[in-house]
Amino acid sequence: MIIRSPESEVKIVVDRDPVKTSFEEWAKPGHFSRTIAKGPDTTTWIWNLHADAHDFDSHTSDLEEISRKVFSAHFGQLSIIFLWLSGMYFHGARFSNYEAWLSDPTHIGPSAQVVWPIVGQEILNGDVGGGFRGIQITSGFFQLWRASGITNELQLYCTAIGALVFAGLMLFAGWFHYHKAAPKLSWFQDVESMLNHHLAGLLGLGSLSWAGHQVHVSLPINQFLDAGVDPKEIPLPHEFILNRDLLAQLYPSFAEGATPLFTLNWSKYAEFLTFRGGLDPTTGGLWLTDIVHHHLAIAILFLIAGHMYRTNWGIGHSLKDILEAHKGPFTGQGHKGLYEILTTSWHAQLSLNLAMLGSLTIVVAHHMYSMPPYPYLATDYGTQLSLFTHHMWIGGFLIVGAAAHAAIFMVRDYDPTTRYNDLLDRVLRHRDAIISHLNWACIFLGFHSFGLYIHNDTMSALGRPQDMFSDTAIQLQPIFAQWIQNTHALAPSATAPGAIASTSLTWGGADLVAVGGKVALLPIPLGTADFLVHHIHAFTIHVTVLILLKGVLFARSSRLIPDKANLGFRFPCDGPGRGGTCQVSAWDHVFLGLFWMYNAISVVIFHFSWKMQSDVWGSISDQGVVTHITGGNFAQSSITINGWLRDFLWAQASQVIQSYGSSLSAYGLFFLGAHFVWAFSLMFLFSGRGYWQELIESIVWAHNKLKVAPATQPRALSIVQGRAVGVTHYLLGGIATTWAFFLARIIAVG
């Protein structure tokens, strides 16, 4: 830390009324672009309108104006999020069986949607228990509401209305900070103030308020619920907050108030700030008292972190200094110049944020099942499968987005004249070594991982099981993963003596938590089958990275097209007369990367779905005998490609294929329709623009003959547009197909 004389004070400066509010202007399609605002000559106009509406770089080159538009758009995004949340809470209040579920979560399924009986649609409302007929939901909201201490539908109504108010507030803020008081560029570039406020405010106070809410509202209410008290008999939240004696009956240390805090006698609070580990056997979720403790600790860390950066007080870290001091022995100028990049290129900034958030989202997917945070979440298999799948897909998309914006930064914002011998320049200078090595790794992983499966399929077909790679023949045990599992399983007695159980039951040991005769979680064994599929994961991830990284590193130039930067972010080919230069733009790398991301995530969610049904989920008898949904067939079946096709895809598709005539029939229709959407994408991906242009021209001829030709000239989609439409339908169709397949299966058997 460097202490200096105070620099120029940070002032919050805004421009008053910079842009007039004009509904006339907004009503004109394409008002942000001179060419688009002229109106359509050809049908390409509508595509350009959509492509450029949010590409603020194309509206103006003024960084301040771009920053204001992005800032304003963020408020619009928040408004939509609040609106969506409000809708979720409103459905919980108006159409759900939340109160019934709350009184008996093990026998009643969550439902918050009842289908209107139009032309026989009442079949879709299945019996979820307790005499309620509706669609079983798998969003996890009920479990979250219970963990928050919500006990009746009125509270859900109030929250829904509150979220609507906030949605309106956000819309107003977006308008106000663009049209009435727009911040100056210096405000957007003041990273130290931004870090302090985001760390201390959003993360610090956010975590602290959640911890406070849990201590004063959630914990007491959940204690009553766990003890079987009728939700209507439980005191209301404000009674716990206002009446300390009420809390002291549940947690005696409350009688002493804040005295233990200020006298450093913190162990008094160990009643509700615990460090137990494992799961609560009543609910199958993490101990809520552990969660409170965690959020309190996080809050303190971030409140401290939010006071670390130098603003007007001449004390603390300066980010520019930190970055410029960051030099290694082989990295030349190191991070010098990175500060300027990240404060003038929002694409570079966004790219980093997307990469981090994408990785974090995938981490969330893995923690939601291994450390289920909410009561009765672990035994709701449909919700568990949905949460994992959802967070995996979202994480994959965000990471591809990171590569997309990194490439846009390279094309639009990177200035090669000022960047010399810093880290980025050095990476670009040895990009050939990076990409060729990565390519070799992909080839190695691909041939070896699939080679192991092909070997097994061949031996299986020839009737030689003793020569297969399996737990019962030639073993390929994941010894490093097992070592990590074992280390964590032993932690409570060794490195974490204060904990009663390890962080997750999945690590190992003898613990099993079951709620209402259903397994919540148990130690997950890893064997040869997992070793094989993990190498498929490694392969697909490396190929995705290869495609995306090649797109970023070769975004400005390559041996094939040295002047690529002049062609822009997306272009079909390097003009006529240069064959073999198609699919080289940075955009095309994102396009191709999306398919491999889809491959990678598909294998992950298939692995998860089958592994959990085979080795974790199931029922437990009074004698303690566990019967898994697919009877532990993963270890022996998933070691051949035929096993994946026969015992996973085909065997588990029976529920969605046979869903007609049952309350799951909607999933059967979605399964069919999504397959169609997926197949429709191939029409765009496997045909050239010229084919369609020829077809269109003969159709236009027919229109002219009949004198019904439109004024706007029809045009075939451009090559890039066709690919965009193709990949969108491919992903949408594929994801919706998987969704229908998973849910019909798990709701039927789980």
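Keep in mind that glycine also has a Cβ here, set from the backbone N, Cα and C atoms.
Annotated features, as they stand in Swiss-Prot:
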TRANSMEM  70-93  transmembrane segment
TRANSMEM  156-179  transmembrane segment
TRANSMEM  195-219  transmembrane segment
TRANSMEM  291-309  transmembrane segment
TRANSMEM  346-369  transmembrane segment
TRANSMEM  385-411  transmembrane segment
TRANSMEM  433-455  transmembrane segment
TRANSMEM  531-549  transmembrane segment
BINDING   CYS573, CYS582  [4Fe-4S] cluster binding site
TRANSMEM  589-610  transmembrane segment
TRANSMEM  664-686  transmembrane segment
BINDING   HIS675  chlorophyll a' binding site
BINDING   MET683, TYR691  chlorophyll a binding site
BINDING   TRP692  phylloquinone binding site
TRANSMEM  724-744  transmembrane segment
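This view paints the features noted in Swiss-Prot onto the structure.
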residue: CYS573; record: [4Fe-4S] cluster binding site; Cβ neighbours (10 Å): 17
residue: CYS582; record: [4Fe-4S] cluster binding site; Cβ neighbours (10 Å): 13
residue: HIS675; record: chlorophyll a' binding site; Cβ neighbours (10 Å): 15
residue: MET683; record: chlorophyll a binding site; Cβ neighbours (10 Å): 13
residue: TYR691; record: chlorophyll a binding site; Cβ neighbours (10 Å): 10
residue: TRP692; record: phylloquinone binding site; Cβ neighbours (10 Å): 17
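Counting in whole angstrom, TYR691 (chlorophyll a binding site) lies 18 from CYS573 ([4Fe-4S] cluster binding site) by their C-alpha atoms.
Long-range Cβ contacts of the transmembrane segment (291-309) within its own chain (Cβ-Cβ under 8 Å, at least 6 residues beyond either end) map to 147, 191-193, 195-201, 203-208, 210-211, 214-215, 219, 272-275, 316-319, 373. Residues 138, 382, 385-386, 389, 393, 591, 594-595, 598, 602, 605, 609, 652-653, 655-656, 659, 664, 667-668, 670-671, 673-685, 717 of the same chain lie 6+ residues outside the transmembrane segment (724-744) yet bring a C-beta within less than 8 angstroms of a C-beta in it. A contact links the transmembrane segment (433-455) to the transmembrane segment (531-549), because at least 3 Cβ pairs that are 6 or more residues apart lie under 8 A. Between the transmembrane segment (385-411) and the stretches 70-93, 156-179, 346-369, 531-549, 664-686, the greatest number of Cβ pairs separated by less than 8 Å involves 346-369. In space, TRP692 is the closest of the binding-site residues HIS675, MET683, TRP692 to CYS573 ([4Fe-4S] cluster binding site), judged by Cα positions. Same-chain neighbours of the transmembrane segment (589-610): 369, 385, 388-389, 392-393, 395-397, 399-400, 403-404, 407, 530, 533, 536-537, 540-541, 543-544, 547-548, 550-552, 583, 630, 634, 638, 644, 648, 652, 723-724, 727, 730-731, 734-735, 738, 742, 745-746, counting only residues six or more beyond its ends whose CB sits under 8 Å from a CB of the stretch. Taking CA atoms as the reference points, the residue listed as 'phylloquinone binding site' and MET683 (chlorophyll a binding site) are 11 Å apart. The CA atom of MET683 (chlorophyll a binding site) is located 13 Å away from the CA atom of HIS675 (chlorophyll a' binding site). Each residue contributes its Cα atom, and for CYS582 ([4Fe-4S] cluster binding site) and HIS675 (chlorophyll a' binding site) those atoms are 29 Å apart. Reduced to three states, the DSSP call for CYS573 ([4Fe-4S] cluster binding site) is coil.
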